[in-house]
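Here is the structure we will look at.
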Amino acid sequence: MASKKIRTRFAPSPTGYMHVGNLRTALYAYLIAKHEAGDFILRIEDTDQERLVDGAVDIIYNTLKLTGLNHDEGPDVGGEVGPYVQSERKAIYLEYAKNLVEKGEAYYCFCSKDRLDMLKENAEALKRPFKYDKHCLHLTKEEIEANLAKGLPYVIRQNNPTTGSTTFDDVIYGKITVDNSELEDMILIKSDGLPTYNFANVVDDHLMGITHVVRGNEYLSSSPKYNRLYEAFGWDVPIYVHCPPIMKDTHHKLSKRNGDASFEDLIQKGYLKEAVLNYIALLGWNPGTNEEIFSLEELTEKFDFKDISKSPAIFDDAKLKWMNGEYIRKLSLDEFHELAVPEYKKVLKKDFDLKFISDLLHTRCELLSDLADQIDFLEELPEYSTDLYVHKKMKSTVESSLENLEKVLPIIEEIDETNWNKDYIHEKVFELIKSLEIKNGQMLWPIRTALSGKSFTPGGAFELAILLGKEESISRLKKGIELLK
């Protein structure tokens, strides 16, 4: 018998930016499907109307397109099991909820907000978690019909047992058993007629033929309630893949509410989308080798969801920055230059050889947004301290720097504009170094410092001189001498 085609879904709520955790869920769902030549479906979960944010659906589409996580079915591309927007499926959920009522697996609840608030206050006073007391389960058929005829607002609740236990399997966390006494009678249909996230998920996953459900491990505790719904309907339970949380540090989860970076933030900071996707793949999954750099195609080939870890993953900014640098170095010079020019133009207004700057920075750059700070001195020499001239390794001191700059200045002034190139400047300066019998760094470090006013520069003394030109280089050397006196 042929195995069932794998179908996974990414089902985000359009409530704002694409968080790193959401993108990882999308990536893992995509990889599970595509590893087995299956289908990846996009479903928009907009049942919580109060939290919807204008433009958030476009962010979802744009992020998936940008990262190459192309969906086979969804609101924008269609498919055979649509509609793919939950608010457009309202009638479907109500029909299934009423079916559960008929089976005794759900019931109408007419409790007022005041009564529910009182129950919550009582639970708080007793320091117990709030749990609905099944008050409306005991209404007679006549009482229910009378309430409906009056038009009283209602919700439909799941009818969970209070004794025994429910067991389910998760491919990451194994067999999990929960006492039924801990299960609340969760709301399936809200008073506005829309389903809750939990109920819509189960109905849609079944109707859309989803075989593997990928989500965060915060949903582990809800899984027994989902399973009871599947069993009540007589449906197959999908394979659960609950992913470990992504942590900011050992104590705090990564959270947009705490100002942690979204995917859009990372792109705006100068991270390459390929690097971000690669890094996110490794937040909870290990290929079993020391390899760390993977294209989306390579991830699709190697990914096995059984290798996802139970342990929380720490979002390490330094590691992401390193990985981004690896991806930048894989770019051709022309590709890097195209990405870098907008960053250069943020700080450079004068005419510079931008391609030469890219040639210097390409192998050193880890983050595109760092580029402006690395070259801003070209436009205008910053104020700097003479402490910069002190460099132990270069054997450079304030005194030696003044002495050597005063000796090199006339050499630089004598170079004709027609000979203003790296090789010629190098030749003349090294002739001086040799005649003075000093270490190379004792001359080159002060020249570089005087030309840049910075401890880090895209190139050495000669590259900076070429970029700045003869006139500006002489002007800056003179300023350095004045500062050191």
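Placed from the backbone N, Cα and C atoms, the Cβ positions cover glycine too.
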The annotated motif ''KMSKS' region' range in Swiss-Prot, which must be one of 3-7, 253-257, 258-262: 253-257
Range annotated as motif ''HIGH' region' - as stated in Swiss-Prot, picked from 12-22, 78-88, 287-297: 12-22
Coarse DSSP state, helix versus strand versus coil, of Cys111 (Zn(2+) binding site): coil
Local confidence of the motif ''HIGH' region' (12-22) - pLDDT mean: 91
Cys136 (Zn(2+) binding site), number of other Cβ atoms within 10 Å: 20
Cβ neighbour count within 10 Å of Cys109 (Zn(2+) binding site): 21
Cβ-centroid neighbours of Zn(2+) site Cys109, Cys111, Cys136, His138, 8 Å, sequence order: Tyr107, Tyr108, Phe110, Tyr132, Lys134, His135, Leu137, Leu139, Arg157
Protein Cβ atoms within 10 Å of His138 (Zn(2+) binding site), excluding its own: 8
